[in-house]
Ligand SMILES: O=C(O)[C@@H](CO)OP(=O)(O)O
Ligand SMILES: [Mn+2]
Ligand SMILES: [Mn+2]
């Protein structure tokens, strides 16, 4: 068991709801609710199953909050994302998330007093400080203003030589915005140079092609980053990062820029990582930093040939994996997401099956369980990963593995070996991020078909379903003005929205196993993702722990 201590794991029996029903928990990734128009791909797509669930409103279908403070983000302007969304779904409580914790640590200056900063700062005298991460103000994985503060703070605290290795975004922010972000950082670095700090950009690349893979989908992505950041080798060499990004954008978008290194007048890379250096990965979000963290930290490593394994002092902005304790040094302590619903339910004998395709696999396992990898109890849990397509942009295969996930979930339900069958269906999100409207419509239909398969199986075994989503994406594919009208750029081109949204998401409950008196309550109007865990515990026949956010359901006497 991952944790025990003094926690009392036994859940009280629900006074009215029975145990023993098979419950399907379906999370549609990137599936929000928005006004119907041509840029709402969920509306345009034929989504008969999801449409039919909506007919159950308000007793069996409603909207819940999935962004901002409802999921522990700093402000109501922060869109939701998978990490905070699945953390809230699984943990049943709202935790101040990485973005917020880093803000606080920077504002108070505590970040510079912690173990992690002290550890890396021992390299400042003789070595270089390297900062690696996503360069944007998207607020999903990292934030530009935090990097700016860290640059300044590190130099104030003794860093004399700094190298920035950035990943361009275009996924949480507009495509093309990378140029402005690089200019901003160049400007900051120039200011540091004026103060006598040798501060420069050393390398770059697009987040989806360089470094930020996740769940070990494609180690080549991390290797490309390693070669540029650590070895100082890349297919493209430039003397100026703004020029590099502008030039490489002629053939690729921000998400997929090829790797490049900055070289000096002798064509020599200005910032490879060498023995004695310090490295900070400045993303606060875990999933897309874990692979790099392993490469930077593990002595034994066979995922690709690192060529060199420099002796460095490495710290993450946060600790990314609570089970692996990875990385072992970090600047800010991660949210302590303890006593998750998955752990409670396992202690109470609930047999769980969780499944998704690789690109979302950790969402219904790792994130769901409070950023812990592995099982709580392998006897009672089975996690199945369906390999995602690799090396392509998902608009080229918009159906992704939805039907395969549907089939595996169906089989798990029909096997009667599990009490909870939990899946994430990736399409709305992964294809929505490409900005390809036609492909996203195909994606939404495929996701809907997978839901149908699962609900049909639940029908057969007399079970219960809970269908929800982690945040919006596919329901809005354009930027809009204040009145909600689509925006066009100066060339008359529609401004595509590749990011998540701040829209609420649906939750639907039902199935033949749902006790007749169960209704969605109407006295939790601000309900959000964190209210779902207690709801599911109730449906398994248990009362949720006291400090969980309230359940969304009530049982009325017939
Ligand atoms: O792809 C990702 O990393 C994020 C967007 O940055 O999406 P999601 O939160 O849905 O995983
Ligand atoms: Mn998501
Ligand atoms: Mn997403």
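First residue shown is number 1, and so on along the chain.
Heads up, the Cβ atoms here are built off N, Cα and C, so glycines get one too.
Automatic prediction, not curation, is the source of TrEMBL annotations.
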Hey, TrEMBL has Mn(2+) 2 bound by 29, 470, 471. Any idea which of 8, 52, 82, 499 it lists too?
82
If you average pLDDT over the domain 'BPG-independent PGAM N-terminal' (103-321), what do you get?
98
Of all the binding-site residues given, namely 29, 470, 471, which is spatially nearest to residue 172 (substrate binding site) at the Cα level?
471
Kindly point out which of the binding-site residues 141, 172, 214, 470 have a C-beta less than 6 Å from some atom of ligand 3.
none
Taking ligand 2 as the reference and 6 angstroms as the Cβ limit (strictly under), which binding-site residues among 29, 141, 500 are close?
29
For ligand 1, pick out the binding-site residues 214, 286, 470, 471 that have a CB under 6 angstroms away from one of its atoms.
none
In angstrom units, rounded to an integer, how far apart are the Cα atoms of residue 82 (active site, phosphoserine intermediate) and residue 288 (substrate binding site)?
12
Count the Cβ atoms, other than its own, that fall within 10 Å of the Cβ of residue 82 (active site, phosphoserine intermediate), considering every protein chain shown.
27
